[in-house]
Structures are given as structure tokens and as C-alpha cells.
Amino acid sequence: MDPKLHQTILLSSFKLIPFIFIAVFLLSTPSASQLSSDFYLFSCPNVERLVRNTVESASALDSTIPGKLLRLLFHDCLIEGCDASVLIQGKGTERSDPANKSLGGFYVVDSAKELLEVLCPGTVSCADILVLAARDAVELTGGPSVAVPLGRRDGLVSSASNVRPNMVDTSFSVDELAQRFTSKGLSMDDLVVLSGAHTVGSSHCDAFSERFKQSSNGTMVPVDTSLEKGYAKQLAETCRAGASATTMVDNDPSTPSLFDNQYYVNLLANRGLLHSDSVLVTDARTRRTVEAFSESQDAFFMSWAESFVKLSIIDVKTGDDGEIRFSCSSVNG
Ligand code: HEM
Ligand SMILES: [Ca+2]
């Protein structure tokens with residue numbers, strides 16, 4: 001070959017390198033882009049209605065269900081992404097980690113799946129069912145309706161050892177919380193928005209026991225003096241020494257079963273139940289957003305819709321990744 005021609009071909013191939021890199025990058029970007037709102041349009045057109053009906057009837061029988069479903073999704077998405085890994089039962093799975101011991105609502109996802117296996121066999125992932133169920137739980141308790149993209153696949157891995165390094169803890173500072181959120185593609189604003197989930201549901205006394213200590217006469221006294229006095233007294237009374245380990249306290253003492261912006265109003269009044277709630281007002285970076293949401297439920301709801309979708313697409317598996325489970329509590333055998 002003419003050496004000049006050879007050189008020209010070589011040079012133009014080098015010019016292609018950046019484009020090859022861009023193409024490879026685009027093909028390997030998070031598979032969230034492969035999700036779509038009409039994913040089951042032909043394969044299971046009634047999926048959203050069926051999940052909603054299941055969540056509605058379960059919640060009518062047990063008012064703790066909406067809170068449980070919402071928390072279940074959060075705990076799923078933090079570990080291995082939103083892939084229903086949290087639903088797998090068995091020794092050494094995520095469910096067996098102490099951080100997940102108080103999760104509930106599994107049976108609601110299981111029954112929606114059983115119904116869907118009859119109507120659209122082998123089609124709808126447990127990961128999508130969980131996202132839809134949590135989305136519906138928010139709407140059913142008065143929160144905003146959120147359109148969520150679908151097409152997630154179910155994960156094959158569920159290991160307790162993955163929980164601690166990825167889970168948040170009530171003892172965390174804003175920096176520590178933000179760091180965990182950032183590692184999942186969520187911002188500090190998302191942290192404030194999504195913590196608003198604590199406007200519903202309840203917590204066991206041991207979730208905030210480090211904020212109190214037992215005095216010599218057996219009563220509980222607040223160690224954490226940032227808590228508003230009346231509220232602290234109420235908590236100390238409910239969670240007094242000797243109270244049952246199953247005793248629960250509403251996350252939002254004012255409107256416990258309503259998904260509203262009361263959580264933020266509570267925070268500013270020093271009535272945040274968990275230490276990780278209270279820190280959101282003591283840190284200037286998060287306090288501003290708390291104040292904004294306390295003044296406007298619309299602003300909270302608009303942000304919720306955005307942050308919830310961000311949560312629901314963390315590290316999703318799509319395409320040939322993972323599988324569509326037949327039963328949500330175990331991987332296909
Ligand atoms: C930011 C860090 C967070 C921490 C440290 C945290 C921690 C906790 C803890 C300790 C409980 C009480 C569990 C119990 O005692 O049974 C709880 C309850 C709850 N959390 Fe969070 N959480 C956080 C963020 C979130 C987020 C982002 C969501 C959802 C988007 C969420 C949803 C819930 C719900 C709905 C409940 C009530 C559960 C029920 O009623 O069964 N949490 N959280
Ligand atoms: Ca997961």
C-alpha cells in the first residue's frame with residue numbers, strides 16, 4: 001500500500017477513537033434508560049390497576065401497610081439496586097440482617113405477584129411490583145401520584161453482608177447520610193425530600209433509644225436535649241423502662257397516617273423522632289429545604305415525585321440481566 005495512503009487511513013482511524021469511546025459509554029450507561037412507562041402495555045396492560053387493588057385492600061384491612069411498603073422499597077433500592085433482593089427469604093439473605101428485621105408488608109407484594117402470575121405469567125418483575133406498591137401507598141395516604149417507569153428485572157443475589165455497608169443508620173450525621181445517598185446517585189436535597197417518608201408509619205422504641213437514658217428512679221430522661229420537652233416526655237412515657245420491645249411510636253405525632261408536609265413542620269419544632277431526622281434541621285445545608293417544605297406542601301409533593309423516581313431507578317437491572325421471578329420470596333430454581 002502507498003505509505004501516504006496508509007498514514008492517512010491510520011490517522012483517520014485515530015480520529016475515530018473518541019467516537020468509539022462515546023459509543024461504548026452510551027451503550028454501557030445505566031440501564032435505567034431502558035425502563036419505560038408503557039413497558040407492560042401489551043404483555044400485561046392491567047398491571048398497575050391490579051397492584052393498586054391489592055395494596056388498597058391490604059391497607060383497608062391493616063393501616064400499617066402503606067408505611068411498610070414504602071420502607072420496603074427504600075431498603076430494597078439501597079442494596080443491589082431496586083431488584084427485589086430484599087424480598088428473598090432464607091439464611092444469610094438481606095432480610096436476615098438486623099437492619100431489616102422490622103421490615104414488613106412482604107405478603108402484599110407476594111399476593112400481587114400470585115395474582116399477576118395467573119393473569120400475566122412470567123411477565124412482571126417483583127422489583128416493578130414493589131415500586132408500584134410503594135408508589136400507590138403514598139397516593140393512598142394522601143400523597144402525590146407519581147408516574148414511574150417500569151421494566152426492572154429481579155436480582156439473583158441477596159446477601160446479608162451487603163446490607164451494613166450500604167444501609168443508613170439513625171446515628172449518622174448529615175455528611176454520613178449524604179455520602180450514602182450520593183453513592184446511590186441521590187443528592188442532599190433528595191435526602192431531605194425522601195426522609196419526608198417519615199410523615200407516615202411508625203418506629204420501635206429501640207430506633208431512638210439512644211436519645212434517652214434511664215434515671216436512678218427508673219424513668220427515661222432525654223440525653224438529647226434538642227428534643228422539644230413535651231414531645232420528649234411523651235416518648236419517654238410510651239417507651240418507659242420495661243415497655244414491650246414491640247411498642248411502636250408514630251413517626252409523625254400530628255398526622256400519623258397522612259402523607260403530608262407535617263414531617264417538616266415537626267422537625268422545625270424539634271419534634272423529629274429519629275436522630276437522623278433531627279440532624280436535618282441542625283445542618284444549614286439541609287435546613288433551608290426543610291423550611292421550604294414546611295411552608296409549602298406543593299413544593300414537597302413536586303420534589304417528592306422527582307426524588308421518588310430517582311430512588312426507584314437506582315442500579316436497576318434490565319434487558320437480559322437478572323430474571324423475572326416466579327415467586328417474589330425466592331430466585332427461580
Ligand atoms: C435517611 C435515613 C433514614 C434512616 C436512618 C431511617 C431509619 C428508619 C428507622 C430506624 C425506622 C423505624 C423502623 C422500626 O423501628 O420499625 C424507619 C421507619 C420508616 N422509614 Fe426510614 N429511614 C431513613 C430514610 C427513609 C427513606 C428515604 C424512606 C422512604 C423513601 C423511609 C421510609 C420509612 C417508613 C415509611 C418508615 C415507617 C415504617 C413502618 O411504619 O413500618 N425512611 N426509618
Ligand atoms: Ca435490592
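Backbone N, Cα and C define each Cβ position, glycine as well.
Automatic prediction, not curation, is the source of TrEMBL annotations.
Feature annotations, reproduced from TrEMBL:
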type	residues	note
ACT_SITE	His75	active site, proton acceptor
BINDING	Asp76, Gly81, Asp83, Ser85, Glu94	Ca(2+) 1 binding site
BINDING	His198	heme b binding site
BINDING	Thr199, Asp252, Thr255, Asp260	Ca(2+) 2 binding site
DISULFID	Cys44-Cys120	disulfide bond
DISULFID	Cys77-Cys82	disulfide bond
DISULFID	Cys126-Cys328	disulfide bond
DISULFID	Cys205-Cys239	disulfide bond
SITE	Arg71	site 'Transition state stabilizer'
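Distribution of TrEMBL features across the structure.
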{"residue": "His75", "record": "active site, proton acceptor", "Cβ neighbours (10 Å)": "20"}
{"residue": "Cys77", "record": "disulfide bond", "Cβ neighbours (10 Å)": "27"}
{"residue": "Gly81", "record": "Ca(2+) 1 binding site", "Cβ neighbours (10 Å)": "22"}
{"residue": "Asp83", "record": "Ca(2+) 1 binding site", "Cβ neighbours (10 Å)": "28"}
{"residue": "Glu94", "record": "Ca(2+) 1 binding site", "Cβ neighbours (10 Å)": "27"}
{"residue": "Cys120", "record": "disulfide bond", "Cβ neighbours (10 Å)": "16"}
{"residue": "Cys126", "record": "disulfide bond", "Cβ neighbours (10 Å)": "30"}
{"residue": "Thr199", "record": "Ca(2+) 2 binding site", "Cβ neighbours (10 Å)": "29"}
{"residue": "Thr255", "record": "Ca(2+) 2 binding site", "Cβ neighbours (10 Å)": "18"}
{"residue": "Cys328", "record": "disulfide bond", "Cβ neighbours (10 Å)": "25"}
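Secondary structure from DSSP puts Gly81 (Ca(2+) 1 binding site) in coil.
Sequence-ordered, the extra residues of this chain that approach the Ca(2+) 2 site, with Cβ no more than 8 Å from the Cβ center of Thr199, Asp252, Thr255, Asp260, are Val200, Ser254, Pro256, Leu258, Phe259, Asn261, Gln262, Tyr263, Asn266. Neighbouring residues of the recorded Ca(2+) 1 site, listed in sequence order and excluding Asp76, Gly81, Asp83, Ser85, Glu94, comprise Cys77, Ile79, Glu80, Cys82, Ala84, Val86, Ala127, Gly155, Ser158 (Cβ within 8 Å of the Cβ centroid). A distance of 47 Å separates the Cα atom of Cys44 (disulfide bond) from that of Cys239 (disulfide bond). Each of the binding-site residues Asp76, Asp252, Asp260 was scored by other CB atoms within 10 A of its CB, and the lowest score goes to Asp260. Among the binding-site residues Asp83, Ser85, Thr255, the residues whose Cβ sits under 6 Å from any atom of ligand 2 are Asp83, Ser85. Taking the C-alpha positions, the distance from Asp76 (Ca(2+) 1 binding site) to Asp260 (Ca(2+) 2 binding site) comes to 24 Å. When the binding-site residues Asp83, Ser85, Glu94 are screened for a Cα within 10 A of the Cα of Cys126 (disulfide bond), the ones that qualify are Asp83, Ser85.
Checking the recorded positions (Arg71, His198, Thr199, Cys239, Asp252) against Asp83 (Ca(2+) 1 binding site) with a 10 Å Cα-Cα cut-off leaves nothing. In terms of Cα distance, the recorded positions that sit within 10 Å of the residue listed as 'active site, proton acceptor' are Gly81, chosen from Gly81, Thr199, Cys239. Set side by side, the disulfide-bonded residues Cys44, Cys82, Cys205, Cys239 differ in how many other CB atoms lie within 10 angstroms of their CB, and the most is found at Cys82. DSSP assigns Asp260 (Ca(2+) 2 binding site) to coil in the three-state reduction, placing it in neither a helix nor a strand. Only His198, of the recorded positions Gly81, Cys82, His198, Cys239, have a C-alpha within 10 angstroms of the C-alpha of Asp252 (Ca(2+) 2 binding site).
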